[in-house]
Amino acid sequence: MSAEQAAAMIQPGWNVGMSGFTGAGYPKAVPRALAAHIEAAHAAGRPFRIGLWTGASTAPELDGALAKVDGIDMRLPYQSDPTVRAQINSGHMQYVDIHLSHVAQFVWFGFLGHLNVAVIEVAGVLPDGRLIPSTSVGNNKTWIEQADYVILEVNHRQSAALEGFHDVYYGAALPPHRKPIPLETADQRIGEPYLRCDPAKVIAVVDTDAPDRNSVFTPPDAQSAAIAQHIIDFLQHEVAQGRLPKSLLPLQSGVGNIANAVLAGLDRGPFAGLTAYTEVLQDGMLDMLRSGTLQSASCTALSLSPDAADYFNAHIDDFRGRILIRPQEISNHPELIRRMGVLAMNAMIEADIYGNVNSTHLMGSAIMNGIGGSGDFARNAYISMFMTPSIAKDGSISCIVPMASHVDHTEHDVQVIVTEQGLADLRGLAPQQRARRIIDTCAHPTYRDALHDYLARARLQANGQHTPHVLTDALSWHERYLRTGTMLP
Ligand code: 0RQ
């Protein structure tokens, strides 16, 4: 049926589980039709908002379209849409920012309420009703199983040859009946290439023909190249010390341009025979698979630029068996990340001198995107690394601060901090040692003296010498930025 007919079945107040993860595999037509429907309801004076659940961020046709007509009451989990962000920050939209590995199980536990309908993009439907997943799997298995109704969008633009790239694990149970997940290596299959779907639940099938969001990555600049080089040097050192094998351990890489640039650096670096156990596969990892630096990659989404997507589709058979796309509760599973010893590399907004990391908030209160999977990986990684340029907004912001204005990853989950200035290896260091190392290695020279001065005053004034702070001063840099437009005195 048409997207309009399908969307007309979605009712005000429903929780809607949509496919989509970092701009890949999201429904392209029904959300827009739903937005038109909502707009008409509002014009007629009828309230109409939904709870919108996804895998992670989607695209303007989904998050943007629904937010622009004021159609979202509650959003979860990770998002990166400007309209959604503005509505969250104005207090108009509720946003529940939870670890990506938690979402599916929270729905199974009944923690998030009832899921009324699933709207899922697929690459095809088999005669027996099983579904060929699209460019992401995300939470689709859970949405299909937990929702009362299922609406399918069959996107004919997605390559039919995606069949066989997925591994959907059907062995999970709920506590107290959970068993170990039998996955030992990143390239291992433990599930099925298809999503099961009860045909009795399917209330609509809509044909589409549209590409994924496909944002372009900025070419690596000098700053991100420097960050990449510090990480390469560090990994080489770890190999030399016998703490990492020559082919390293499975890589996880977060979202954004810096993460992408670090992968480009690794591709040119001295390593070979690498593997990846990650959630997002961006261009950088596709290039590493092309060059052979990376043998295989496990992910939950193919988040590629238009050029990389074209290349992937034209050479899809070269990647068959080397890329596995899994549900996000498996790609981000703490048990598996810990077992395989994943090397986690995530971007951040700021870190404080003790190594607490803020990945989500600007100046303490305003959401940027969300925690995404960074916490799943940081807490359970073999080595958890966080990276950022040392300054933002032309130097008016230091990304190393006395106290983080919001904490997503506590000092206990952060072993390495990297800026273009250098890499601080914090393993085995006590808080004051961590502070000196972070300031001397990672902070921008403009802010280094002020950070040392803060630490010195904290040591004189604090009520304890383990993690000294001047409580009345700890967030003064943020406060000064908000008041004057710069953290500089
Ligand atoms: O502002 O957009 O106005 O120019 O923040 O900064 O440097 O472009 O950052 O695109 O690499 O994203 C942490 C947000 C980094 C991302 C974050 C300003 C800066 C700029 C963006 P403008 P950059 P990136 C797996 C892993 C959480 C989820 C995660 C993210 C804007 O990586 O969302 O890791 N991570 N998931 O100017 C105020 C500071 C700032 C600052 C930078 N200290 N204070 N503003 N900015 N530093 C994937 C998933 O989970 C799906």
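Here the Cβ of each residue, glycine as well, is placed from N, Cα and C on the backbone.
Reduced to three states, the DSSP call for Glu279 (active site, 5-glutamyl coenzyme A thioester intermediate) is coil. Within its own chain, Glu279 (active site, 5-glutamyl coenzyme A thioester intermediate) has Phe21, Thr22, Ala56, Leu100, Gln252, Cys299, Thr300, Ala301, Gln328, Ser331, Asn332, Gly372, Gly373 as residues 6 or more apart in sequence whose C-beta sits under 8 angstroms from its own. Under the heading active site, 5-glutamyl coenzyme A thioester intermediate, TrEMBL lists Glu279.
Look at TrEMBL and you will find Ile349, Asn369, Gly373, Lys393 tagged as CoA binding site. Within its own chain, Lys393 (CoA binding site) has no residue 6 or more apart in sequence whose C-beta sits under 8 angstroms from its own.
TrEMBL lists 2-206 with the feature domain 'Acetyl-CoA hydrolase/transferase N-terminal'.
TrEMBL lists 316-454 with the feature domain 'Acetyl-CoA hydrolase/transferase C-terminal'.
There are 29 other CB atoms within 10 A of the CB of Gly373 (CoA binding site), with all protein chains counted. Binding residues for CoA (Ile349, Asn369, Gly373, Lys393) extend across at most 26 Å, taking the greatest CA-CA distance. In the three-state DSSP scheme, Gly373 (CoA binding site) falls into the coil class. Residues near Ile349 (CoA binding site) in space but far in sequence (CB under 8 A, at least 6 apart, same chain), listed by position: Asn358, Ser359, Thr360, His361, Leu362, Met368, Thr388, Cys399. Here the Cβ of Asn369 (CoA binding site) has 19 other Cβ atoms within 10 Å, regardless of which shown protein chain they belong to.
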